[in-house]
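Visitor: Dropping the structure in here first, questions after.
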Amino acid sequence: MNTATGFIVLLVLATVIGCISADFQGGFEPYEEEDAERIFRRSPTCIPTGQPCPYNENCCSQSCTYKANENGNQVKRCD
């Protein structure tokens, strides 16, 4: 066995031992649902006045009306 092969064998062995010890320490336990919600929770943001709005509830003013844009097309914008 040459040096490179021995190094690869030691690397694989260390990886296997590391995975086994992580499992014993609870490293591979699944997340609880509350943890996942906490990790992926986004802070509430609102769309400022004059910006396009797909839904009324996303506007800071809670109001959205059709207005002409620079091309003369009617688009919904937050009031």
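Along the chain as shown, residues are numbered 1 onward.
From the backbone N, Cα and C atoms, a Cβ is placed for every residue, glycine too.
On a predicted model such as this, the values are computed, not experimentally measured, just so you know.
Swiss-Prot lists Cys46-Cys60, Cys53-Cys64, Cys59-Cys78 with the feature disulfide bond, giving similarity to another entry as the kind of evidence. According to Swiss-Prot, the signal peptide annotation covers 1-22, on the basis of sequence analysis. Residues or ranges marked as site 'Critical for insecticidal activity' in Swiss-Prot: Pro52, Asn69, Arg77.
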Visitor: Checking your reading of the structure: which of the disulfide-bonded residues Cys46, Cys59, Cys60 lie inside a 10 Å Cα sphere centred on Pro52 (site 'Critical for insecticidal activity')?
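Guide: Hits: Cys59.
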Visitor: What does the structure give for the C-alpha distance between Cys78 (disulfide bond) and Cys64 (disulfide bond)? Integer Å is fine.
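Guide: That separation, Cα to Cα, works out to 4 Å.
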Visitor: Measuring Cα to Cα, how many angstrom lie between Cys64 (disulfide bond) and Arg77 (site 'Critical for insecticidal activity')?
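Guide: Approximately 5 Å lies between the Cα of Cys64 (disulfide bond) and that of Arg77 (site 'Critical for insecticidal activity').
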Visitor: Around Cys60 (disulfide bond), how many other CB atoms lie within 10 A of its CB?
Guide: 14
Visitor: Between Arg77 (site 'Critical for insecticidal activity') and Cys53 (disulfide bond), how many Å separate their Cα atoms?
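Guide: Distance between the two Cα atoms comes out at 5 Å.
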Visitor: Quick one: give me the count of other CB atoms within 10 A of the CB of Cys59 (disulfide bond).
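Guide: A 10 Å sphere around the Cβ of Cys59 (disulfide bond) contains 21 other Cβ atoms.
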Visitor: Using only C-alpha positions, which one of Cys53, Cys59, Asn69 is spatially nearest Cys46 (disulfide bond)? These are the recorded positions in the record.
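Guide: Answer for the nearest of the recorded positions: Cys59.
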Visitor: Please list residues from the chain of Asn69 (site 'Critical for insecticidal activity') whose Cβ is under 8 angstroms from its Cβ, counting only those at least six apart in sequence.
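Guide: Long-range Cβ contacts: Val75.
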